[in-house]
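According to TrEMBL, the protein has these features:
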{"type": "REGION", "residues": "B:1-31", "note": "region 'Disordered'"}
{"type": "TRANSMEM", "residues": "B:55-74", "note": "transmembrane segment"}
{"type": "TRANSMEM", "residues": "B:80-100", "note": "transmembrane segment"}
{"type": "TRANSMEM", "residues": "B:121-141", "note": "transmembrane segment"}
{"type": "TRANSMEM", "residues": "B:147-164", "note": "transmembrane segment"}
{"type": "TRANSMEM", "residues": "B:176-197", "note": "transmembrane segment"}
{"type": "TRANSMEM", "residues": "B:203-223", "note": "transmembrane segment"}
{"type": "TRANSMEM", "residues": "B:244-266", "note": "transmembrane segment"}
{"type": "TRANSMEM", "residues": "B:272-292", "note": "transmembrane segment"}
{"type": "TRANSMEM", "residues": "B:313-331", "note": "transmembrane segment"}
Amino acid sequence: MAIRAEHELHRRRLGRNLGVGLTLLVFILVMFGLTVAKVSQLGKVDGFAHAPPGAVGR
Amino acid sequence: MRRATGYPRGMPNVVAGRQVSPRKGKEDDMTDMRASDLPAEAGFGDYVALLKPRVMSLVVFTALVGLLSAPVAVHPMVALAGILFIALGAGASGALNMWWDADIDALMRRTRNRPVPAGRVAPREALAIGLALSGIAVVMLGLAANLLAAGLLAFTIFFYAVIYSMWLKRATPQNIVIGGAAGAFPPMIGWAVATGGVSVESLFMFALIFMWTPPHFWSLALFTKSDYADAGVPMLTVTHGRRVTRAHVLAYTLALAPLAVAGAVTGIGGPLYLAVSVALNLWFVAGAVRIWRRTEAQAEADGYRAEKRLFRFSLYYLFLHFAAILAEAALKPHGMGGW
């Protein structure tokens, strides 16, 4: 039979887990936003870097 | 010498207000156990409290002013991340401070309910959180902004946790004066996030907070007299008495006033800053003279009213100075800020 009794301890653990989860989510969003900002500041990426020398512009 | 429990020296082995006895024989381990017998488990709020959110709010505000008053435009996402990691670094140093000071925090009314002395967070946990967050904050600030900003943040954490908390706080009544530097770095770091350097303006913001800290804290110490004495912290009021402390508050306020007003002629100042600063400093000096003239009998008679008023005013004083710097920066694009 499943144990259904809920102690105050369980509520506190749930709150803690939710808090940590939310913090991690914010961290992921900040990292993502930062990556987008940094990459957009790099300027145009040379799309022909993989082409053999002299091939560009022919 | 640290105990096996990880509590700093002098810290009683108390968990959730209960005295923890050394482990007994095996038969004791076999007895029934209720959830209420378990050591208190921290809620998320306890970990937030470990980071000293009120101090963090001041750090966020001053760092933000440092960043926004810089003459360099910063990508909003870089600015947001920069402020976030500066705040995280400040929180980390707060956790390290709570780990180290748990023994004296347990003795002071103002601090005895903090997560570590109250037994909700284990000292080792506070230490681990402090160290981990310090590392994350410094590395991330270095990646988000630049190495100078990260270096300044690392030095600030070191200064607060080691120089102030571990060394000066219990060693000298001048602890507040030198330790105030830790709280003065955030606007410099914010400026460094934007510019990648140090300048007269960022040094001025550092000096403003550095000189403001002693009169701010000593006016607080004047009306929280029993706490520091009980904990054995050599606060000026304990070691040199209240008369000397009152004189020190006045002396530092007199030194602070011209410095604060002089900020008006730096690149972040302007007419608005000048007007705000002159008014605030006249008020602050008048308040400092008032409490310098008072005797202990007078202060006790009215429940330290003037001292409490000066302490409250000192909070507005710093906030409004930085708000004026921010306003000058906001007005500049419209051709109004600065000279």
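Glycine is treated like the rest: Cβ placed from N, Cα and C.
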For the transmembrane segment (B:147-164), distant same-chain residues with Cβ under 8 A (at least six beyond the ends):
82, 85-86, 89-90, 92-93, 96-97, 100, 130, 134, 137-139, 141, 175, 178-179, 181-183, 185-186, 188-189, 192-193, 196-198
At a Cβ cut-off of 8 Å, and with pairs 6 or more apart in sequence only, do we get at least 3 pairs between the transmembrane segment (B:80-100) and the transmembrane segment (B:176-197), yes or no?
yes
Which residues, given as numbers and ranges, are at least 6 beyond the ends of the transmembrane segment (B:55-74) yet have a Cβ under 8 Å from it?
82-83, 86-87, 90-91, 94, 183, 186-191, 193-195, 201-202, 205, 209, 267-268, 318-319, 322-323, 325-326, 328-330
Looking only at residues six or more beyond either end of the transmembrane segment (B:176-197), which have a C-beta under 8 A from one in the stretch?
55, 58-60, 62-72, 74, 78-79, 82-83, 86, 90, 93, 141, 144-146, 148-149, 152-153, 155-156, 159-160, 163-164, 168-169, 203, 205-210, 212-214, 217-218, 235-236, 322
Report, as numbers and ranges, every residue of the chain located at least six residues beyond the transmembrane segment (B:203-223) whose Cβ falls under 8 Å of a Cβ in that stretch; write 'none' if there are none.
62, 65-66, 176-177, 179-181, 183-185, 187-188, 191, 235-237, 242, 245-246, 248-249, 252-253, 255-256, 259-260, 262-263, 266, 268, 284, 288, 291, 299, 304, 307-308, 310-311, 314-315, 317-318, 321-322, 325
